[in-house]
Amino acid sequence: MREFGNPLGDRPPLDELARTDLLLDALAEREEVDFADPRDDALAALLGQWRDDLRWPPASALVSQDEAVAALRAGVAQRRRARRSLAAVGSVAAALLVLSGFGAVVADARPGDLLYGLHAMMFNRSRVSDDQIVLSAKANLAKVEQMIAQGQWAEAQDELAEVSSTVQAVTDGSRRQDLINEVNLLNTKVETRDPNATLRPGSPSNPAAPGSVGNSWTPLAPVVEPPTPPTPASAAEPSMSAGVSESPMPNSTSTVAASPSTPSSKPEPGSIDPSLEPADEATNPAGQPAPETPVSPTH
């Protein structure tokens with residue numbers, strides 16, 4: 001039978017193999033080995049350099065086994081803490097997302113919703129009151145639109161009068177203005193008896209009861225002031241002028257007229273002072289006209 005490999009005569013002896021194994025162990029542990037043959041020393045130095053090149057950093061910088069175990073345990077503990085912190089952060093973020101979504105649902109709750117009680121408890125009372133008023137006003141406005149569509153103009157007018165007073169209680173300006181615009185539009189439809197009527201440009205922003213002056217565009221009649229009663233001075237002027245015109249005047253006598261618009265002018269000679277004449281019939285108990293005073297001609 002043919003044998004493969006080296007023949008038995010070519011195999012090294014066991015003691016040489018043992019010596020080589022001991023040499024490799026000594027080089028691995030960086031132990032100093034002395035050889036009698038210089039060639040063996042050179043070979044040992046070459047193998048030691050090769051060992052140092054393969055081990056980087058060098059073996060002198062390697063840590064001990066205890067230090068390696070301590071570093072491994074510290075790394076594992078740090079990874080566990082990091083995982084716990086990430087889990088805590090994730091749970092907090094999930095809770096915030098849930099709360100924010102729930103808060104948004106509560107904030108958007110309206111009267112009649114399941115969460116409206118919680119909405120009323122969390123938010124201010126004015127907003128809750130506005131929600132109730134707006135909901136009631138919109139329901140009444142929808143009823144008014146139905147009355148207009150059916151031609152019930154009188155009922156729609158009465159309902160609009162009630163809604164107009166209710167809208168003013170809304171504290172939110174934007175929501176109140178929206179309701180006012182709807183009320184004005186329905187007022188226009190009721191006044192014109194036209195379900196398809198629209199708001200006229202320049203219509204008032206505040207709602208008024210249908211048919212009232214504030215909600216109509218008909219021009220108002222001009223205001224006529226009552227005549228003022230004549231003053232005593234003006235009543236005395238006709239009697240004085242009548243007395244002067246009826247009295248015979250000579251040709252040489254110049255007619256003198258006192259102008260009421262210039263009271264500061266001095267009377268000419270022969271004129272009559274109005275203050276000396278009686279003012280009206282109330283000062284004459286007999287009810288007769290005042291006696292005429294003769295005017296002497298001027299020379």
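Every residue, even glycine, has its Cβ placed from backbone N, Cα and C.
The structure displayed is predicted, hence computed values, not measured ones.
Feature region 'Interaction with sigma factor', per Swiss-Prot, maps to range 24-50 of the set 24-50, 105-131, 159-185. Mean pLDDT for the region 'Interaction with sigma factor' (24-50) in the predicted structure: 83. Look at the region 'Interaction with sigma factor' (24-50): DSSP puts its residues at 18 helix, 0 strand, 9 coil.
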